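The following features are taken from Swiss-Prot:
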TRANSIT   1-53  transit peptide
MOD_RES   61  N6-acetyllysine
MOD_RES   61  N6-succinyllysine
ACT_SITE  94  active site, proton donor
BINDING   167, 193-196, 216-218, 285-288, 310-312, 368  NADP(+) binding site
MOD_RES   252  N6-succinyllysine
MOD_RES   252  N6-acetyllysine
MOD_RES   267  N6-succinyllysine
MOD_RES   267  N6-acetyllysine
MOD_RES   316  N6-succinyllysine
């Protein structure tokens, strides 16, 4: 099934010891200020003390909230998604690993409850998101340092704010940082139904770019295809269809893509390279297939293709906090204008985290699992 859509169409939019956690707090508070205690508390968090299967190592723990001082900010978490990077971090397969024990979650939105005397950029009532990965958002409350947070406007949907700081940021940076694309140019991507993939479709459309979106075949293929079209996808095809000779007919109506976005690797990434324009760039930001990216010598010599990688955490290290805040504001404007919506999602109460973890790790995941506090 090969589906096209014009840009002018409609857009819808096992146990942990308390002493371990106490030792964690004694090590110094780099991102948060929780310690464990034995009696029940209204402050709860999903904690892991070693790396492994999230379903086995994650536990719902009662934690103690420390006093707010100086540059501290007391935050009540509102919602936090479960992303692939969260799972990889818990498994120990990620480029950034917090000290153990740790609270899970890299992304989410919370509301400021109180601030310390030295806090100048935030006030009670403000919405905030993490400035960097590893903050530990799967909890009901926390005391963070002001520099660990970024304020976001409250006039955007809660689920959009909760999923703002990772996937849309990754999508935007990949679209604008590697090739100087102009309206009418095209982009090809795999894993198009992922959080990043859905953001790519919408942001590209807002920039006047056309998208060729590759997905794995599945039982509900038409439902998924229709949803991606509603987001603004120009073409949606399966991995198998991408290999068919008929695919070349797409390029009668649009130029060969100069940018490919790869989250899969293996044969899928090789197919993306095959359809790139000479001199084009493939950016790899994930490896779902757990297979290497392979490029033939002829692709590199005769087509002069470029292979790059992108990791948002590294981008943040290379850029100032103000530049990240500017990026967040750009994306918030797109949300306000109806040009960027949150991925299809399912809200799960924090205490039902096992259900959310299981759902997020199933094949052909169609709904983003968001923990609600």
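Glycine is treated like the rest: Cβ placed from N, Cα and C.
What you see is a predicted model, and the numbers here were worked out from it, not measured in a lab.
Every protein chain shown contributes to the tally, and the Cβ of residue 267 (N6-succinyllysine) ends up with 14 other Cβ atoms within 10 Å.
Following the DSSP three-state reduction, the secondary structure of residue 61 (N6-acetyllysine) is strand. Listed in sequence order, 263, 264, 265 are the same-chain residues six or more apart from residue 287 (NADP(+) binding site) with CB atoms under 8 A from its CB. Mapped onto three states, the DSSP output places residue 285 (NADP(+) binding site) in coil. In the structure shown, across all protein chains, 196 is the one of the binding-site residues 196, 312 with the greatest number of other Cβ atoms within 10 Å. If you compare Cα positions, residue 285 (NADP(+) binding site) sits closest to 94 out of the recorded positions 61, 94, 252, 267, 316. Here the CA atom of residue 61 (N6-acetyllysine) lies 30 Å from the CA atom of residue 194 (NADP(+) binding site).
Here the candidates are the recorded positions 94, 252, 316. The one whose C-alpha lies nearest to that of residue 167 (NADP(+) binding site) is 316. Look at the modified residues 61, 252, 316 and count other Cβ atoms within 10 Å of each Cβ; 252 has the fewest. Non-local neighbourhood of residue 217 (NADP(+) binding site): 238, 239, 240, each in the same chain, at least six residues away, with C-beta under 8 Å from its C-beta. A straight line from the CA of residue 267 (N6-succinyllysine) to the CA of residue 310 (NADP(+) binding site) spans 20 Å. Between the C-alpha atoms of residue 310 (NADP(+) binding site) and residue 316 (N6-succinyllysine), the distance comes to 11 Å. Proximity of residue 94 (active site, proton donor) to non-local residues of its own chain (separation of 6 or more, Cβ distance below 8 Å) is seen for 85, 88, given in sequence order.
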